[in-house]
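Novice: Let me begin by handing over the structure; questions about it come next.
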Amino acid sequence: MRSGYLRNVFKKCLQIDARIDIKQRNQMYIRTRSRLVRDMITACLILLVVYVLNYHYNMDGKMETILSRTVDNFCMTFGGLLTLQFTTLVLALQQRYQHFNEEILRYFKLKSSDNLPRYLENSEVTFINRNKYLTTGAEIDEIHKLRSIRLMHFELYDCVVLINDYYGLPILLFIISSTISCVACLYYAVYFIDLNYVIFIFSGIFFTTSYVMVFVLITTCCHQTAQEANKTAMYVQRIKALPGLQCRTVLELQNLSEQLREMRIEFSAWGFFRLDLSFLSTIIGGVITYILVMIQLN
């Protein structure tokens, strides 16, 4: 059943991509592949160092130790693959939300700086059907385009819901286990500072840094995608302020605005907490607090 979630995510993405121009679609595919290759190379290098440290510093020749290190390495590999798959899908959605916002701005031909209108003046705004005496065909075409934009937003929102449902519990368990391991590794490094064991200090710092990098990757991807998705509401409100809009166009814009307000985009770990920059600061603050308490209690 859970495999059906992932299948539906890809199916929804294909439906969205069918609405995108083939040139822009190929550019998105190229950016996604290049980022995926880069992230895979980085993950492989980090996991290679993790394997070496695990087997070199914790190996005493006993079968129990070998099995324990093998299980640890397998869990780390699974966590790395889970994170890579999750962030790749989230960033792929971010590119589609960017295209979604660009389509809105391109359709209404707003002059902007960095795709964000800073102010609106009659002399600096060109609206496709700015003349309030629209022909029936032009008005109908405008309504159809707005409804197409609404349907695209529905499909993007469905993808976010499916991703949250599929990855929510695994991400929650991964974050809990990684937080515990991060605290243990950091304390491990601090403990051996007094003993001047450089190798063990390096090992603890390396593992801690790896976990923090994973936290940063997950939270920044989710935060950036949510921010890009929620920009649309601001664009729609600015467009509604344009002069010369027809009543049916204003009604469609109002429906789109209500849809965006009711269907805000956010990523969460099985509903327990949102994955954004505030969560990252909470995790880092919690880890540092635990370390200080453990050091004070010796």
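Glycine too: its Cβ is placed from the backbone N, Cα and C atoms.
Positions annotated as transmembrane segment by TrEMBL: 36-54, 74-93, 171-191, 197-218, 271-295.
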Novice: Report, as numbers and ranges, every residue of the chain located at least six residues beyond the transmembrane segment (171-191) whose Cβ falls under 8 Å of a Cβ in that stretch; write 'none' if there are none.
Specialist: 75, 79, 82-83, 86, 200-201, 203-205, 207-208, 211-212, 214-215, 218, 269-270, 272, 275, 283, 286-287, 290-291, 294-295
Novice: Residues of the same chain, at least six outside the transmembrane segment (36-54), with any C-beta under 8 angstroms of its C-beta?
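Specialist: Hits for the transmembrane segment (36-54): 69, 72-73, 76-77, 80-81, 84, 87-88, 203, 206-207, 210, 213.
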